[in-house]
Every structure is written in structure tokens, then in C-alpha cells.
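> Below is a structure I'd like to ask you about.
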């Protein structure tokens with residue numbers, strides 16, 4: 001396994017600083033326990049009553065579902081550890097857990113659903129809108145592009161291979177539109193949009209500002225539909241629904257206009273201005289932003305109009321790389337304007353640069369690693385081959401830009 005070898009490499013074993021209590025996102029109530037409602041049930045109940053006896057040697061933490069353990073592990077330095085023993089379970093849960101509720105996520109330009117599982121876990125479900133081999137039309141502006149379910153899945157694995165680990169876990173999932181959406185939804189607006197197509201397939205379209213109409217309906221075969229299930233639910237970083245800690249994220253409109261890169265293109269000295277603007281004038285925020293532009297360039301994602309961080313950690317923390325559905329739309333063109341921050345600022349983390357160089361070598365070729373990672377997904381093959389080949393070409397272009405900077 002090239003992937004196993006990669007994660008053994010010294011560049012993927014650089015220790016993070018020691019994590020203290022104040023560096024953790026959540027303080028855990030040691031009395032809060034979770035247990036199954038009854039034997040043979042998959043429904044969980046939460047209890048802080050001390051008489052809930054635990055098997056000898058077990059702590060309350062051992063009773064928590066995988067998604068909650070994942071949230072408890074979030075700290076100032078990383079969303080999840082490199083060798084995360086929870087990851088296989090989390091991805092499996094996203095793909096297979098019974099769905100007890102499906103409602104439409106409010107806001108946004110395209111239809112997304114929030115699915116809830118018996119253990120209180122939630123997933124943000126983005127349905128399949130186009131096939132793997134369709135490219136975004138050349139005349140489309142990025143904001144009128146579809147959000148692709150397979151791009152969300154591929155982005156999670158790519159982010160992990162780059163060792164950023166800033167995208168919450170995502171798995172492909174096949175859902176039954178009738179049993180897992182229509183029959184269990186409490187969302188009256190969504191419920192009104194189901195119909196049977198002339199071909200006998202179950203379809204729905206929801207309510208949103210783009211692509212929510214009978215012409216853009218999502219149809220099953222006859223009621224099977226694939227999509228991406230992203231851990232976390234509402235904003236993927238939003239934390240649960242009143243049964244525990246409050247949401248903890250802050251939303252930053254990016255003054256760097258990453259989505260259009262117009263300011264960078266029109267003003268070749270724009271980076272000088274950015275470097276003098278808080279929070280980019282100190283710490284590693286600007287370097288984190290450049291990590292994000294590298295990720296976006298590799299995926300061809302032009303739709304990065306803001307980023308999020310966990311509010312609790314202030315400016316001294318990582319960026320969350322959320323909403324990657326408009327990546328992997330074209331493999332035949334490379335959008336160099338995405339790299340403008342790297343080209344102008346001529347700054348990149350040394351660790352990022354060394355890893356990018358490693359991923360350009362034969363034993364650790366980026367396309368091979370991503371192909372291997374995606375092969376385990378329930379919807380494999382997740383990406384068409386030309387998208388994987390484009391990654392190697394784009395990686396060469398990133399390294400060439402850094403080379404010019406060094407020169």
C-alpha cells in the first residue's frame with residue numbers, strides 16, 4: 001500500500017505541540033453516558049444518572065458513539081489525528097447507519113439534506129447531480145456550476161493525503177429516496193416536491209435559489225440515489241442540535257477574494273496589502289490560506305468565497321476546508337488564477353512544500369495515492385481517470401511556481 005507507506009514517512013510524523021485542556025474544543029462531562037435503548041436496538045439514549053452502571057474498567061467515554069469521540073478529539077492544531085483509529089468506523093457509519101430523519105438544509109444555492117442517525121449523529125447529504133465523466137461547460141461561471149457529490153468525497157481524501165486534515169470525514173452513500181427520505185421527512189416543503197417521473201422513477205427537487213425545480217429534479221433508479229454523506233450535519237462544522245455543546249465556529253468572508261481572484265489579478269502588489277491586515281499580519285494565517293489555495297488549485301475549485309475556523313481558538317488555529325462540491329469539475333483546464341496568492345506572496349510552509357515534492361516522486365505519486373484511498377469508498381470509482389492524471393500535472397505547476405519564487 002502506497003498510502004500506508006506515505007503515512008509512515010517522517011514528513012507525516014511531525015509531532016503537533018502538546019495539547020492542553022484549553023486547546024480542546026470541548027470540555028467533557030464525565031457523567032454523561034450513552035447506551036443502547038435495548039438489546040438488539042440501534043437507538044441510543046443519553047443519560048447522566050450515576051446509576052447507569054458501566055462494565056468494570058470502562059469509562060463514560062467508552063460508551064460514546066464514534067462521531068462524538070471525533071468531536072471530543074478536535075483541538076487547536078488539528079481536526080483529527082493522522083493515525084485516527086476512529087476513521088474507519090466513522091466512514092462506515094456515514095455509509096450504513098440507519099437514517100431516522102431527512103430534512104432539507106436551509107439556505108444555499110443547491111439542494112442538500114441533513115440526515116440524522118439513531119445515535120444522534122448527523123450527516124450533510126449532497127445528492128448526485130451529474131455523472132463522473134461530465135466536465136463543467138467551458139462557458140459556465142463557477143457559481144452556476146453543479147455541486148458534485150464525488151468531489152466532496154475526493155476532497156476529503158486529498159486533504160488527508162496532503163496532511164492538512166481540515167475537511168470533516170465524507171463517505172459515499174446509496175440511499176433509498178422512498179424509505180430514507182420521502183417516508184420519514186418532517187419537512188413539509190420538501191415533502192411537496194416528490195413525484196414519479198414518466199420512466200417510473202421517484203424524483204424530488206426541494207426548495208433553493210438555484211436548480212430546485214422540476215427541470216432539475218433528482219431522480220432515483222427507480223428510487224436508489226447516490227450522494228456524499230459528510231460528517232457533522234448543518235455546516236459540517238456545526239455541532240449538534242441542542243443535546244450538548246453549542247455550535248462553535250466563526251465565519252470569515254475572505255477579504256482576499258479567493259473565489260474570483262480579481263483583486264489579485266488587477267493589483268500585482270495586493271499581497272503587500274494583505275500582509276499588513278490582521279489576522280494575516282502575524283502567526284500562520286496567511287500560510288494556512290496558501291495551503292488552501294494549493295488544495296483548491298489541485299481540485300480546480302474556484303468557489304472559495306469564505307473560510308471557517310473554530311471561534312474558541314481565536315486566530316491561532318487551522319482553517320476548515322468546507323464545501324468542496326465545485327472541485328473536480330474540469331480535468332482538461334488548469335485555473336492558474338487560483339494560485340494568485342502563492343504567486344504574489346511567494347510564501348509557503350516548509351512542511352507543505354516538502355510534502356508536495358514528495359508527492360511528485362514515483363513511489364508516492366499523488367494520483368496513485370488518491371486512487372488507492374478512493375478505492376475503499378462505497379461508490380468507487382469516485383473520480384474518472386482524467387481527473388486523477390490532472391492532479392499530477394497541477395502538482396508540477398504548483399512546484400514550478402514555488403521554484404520561481406525561490407529563484
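Every residue, even glycine, has its Cβ placed from backbone N, Cα and C.
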> When you get a sec, could you say which of 184-206, 207-229, 230-252 is annotated region 'Disordered' by TrEMBL?
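Checking TrEMBL against the ranges 184-206, 207-229, 230-252, the region 'Disordered' one is 230-252.
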> Would you give the longest CA-CA distance, in whole angstrom, between residues of 110, 126, 147, 308, 323, the set recorded as binding ATP?
20
> Which whole-number value in Å describes the distance between the Cα atoms of residue 303 (active site) and residue 323 (ATP binding site)?
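That separation, Cα to Cα, works out to 9 Å.
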